[in-house]
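K.L.:
Dropping a structure here in structure tokens format, bear with me for questions.
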Amino acid sequence: GFADLMGYIPLVGAPLGGAARALAHGVRVLEDGVNYATGNLPGCSFSIFLLALLSCLTVPASAYQVRNSSGIYHVTNDCPNSSIVYETADTILHSPGCVPCVREGNASKCWVPVAPTVATRDGNLPATQLRRHIDLLVGSATLCSALYVGDLCGSVFLVGQLFTFSPRRHWTTQDCNCSIYPGHITGHRMAWDMMMNWSPTAALVMAQLLRIPQAILDMIAGAHWGVLAGIAYFSMVGNWAKVLVVLLLFAGVDATTYTTGGNAARTTQALTSFFSPGAKQDIQLINTNGSWHINRTALNCNASLDTGW
């Protein structure tokens, strides 16, 4: 309709109408492509896809955390209470850009971040609780698909992200000054993190595919009825893409959760470490009263990281 209206503009109607019709066809092709891609997922359509993209716009704003100390605001990495989304006995789900600081007794301790939005007490991610959540998620998605209300369920899920109904289990404070980048900062560590951005994709997919047989046994032994019902329903209706998504989702939460790409990156780092130049120190020649001598103490902050101290 908009393209037809553009065509009635005097003098420039013909070229504008053609351009508007071409643009409308491009938008329709893009919409059909997104509908085809998201149609294999439960409760997804183009409108839900756009709402999900719009909901991601609030993430950068939540990545700045401040601490009020005697009326003075300090930028900190410690999560405030408003950033805590969900808590279990050993896991805290929080907004990105911070690390939970939990007070236990008379001492505060930084929890170990295992993901940008997940922190655990000791760095180990318990799989039992996460698999129960996946069981509930898959069961709800199966029910929505069976009742043909997938768009409604997706809308309710997006709106539900604005509200949190979870009792507090831990006392979170902002007096730890936690580090988002835990551990000793080295060149190999930074190289490992950079490799994590591109290397683990194929390894992660292959690892999840290889864990599917064990995941099927865990579904039956652990009585995960929501996942079993989802696999059975999607298999009966012939939607094998959803069956594969459910299997990969359940297999991704292994009993001993670890970063598969991290292991591959560590192996690569072990091989490349043989070619490491090791510690070094820049030597500078200083001219004092016409005589040259070596100044071995002329180090800046960046050079001191390479001396091995």
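First residue shown is number 1, and so on along the chain.
Every residue gets a Cβ built from N, Cα and C, even glycine.
Per Swiss-Prot, the feature region 'Important for fusion' maps to 137-168. Among the features that Swiss-Prot reports, region 'HVR1' is placed at 256-282, with the record citing similarity to another entry. Per Swiss-Prot, the feature topological domain 'Lumenal' maps to 62-230, 252-309. Feature annotation from Swiss-Prot assigns transmembrane segment to 41-61, 231-251.
Thinking about packing and proximity, how do these listed features fit into the structure?
P.N.:
Taken together, the residues of the region 'Important for fusion' (137-168) have an average pLDDT of 78.
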K.L.:
How many of the residues that make up the region 'Important for fusion' (137-168) does DSSP mark as helix, as strand and as coil?
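P.N.:
With helix first, then strand, then coil, the region 'Important for fusion' (137-168) has 21 helix, 0 strand, 11 coil.
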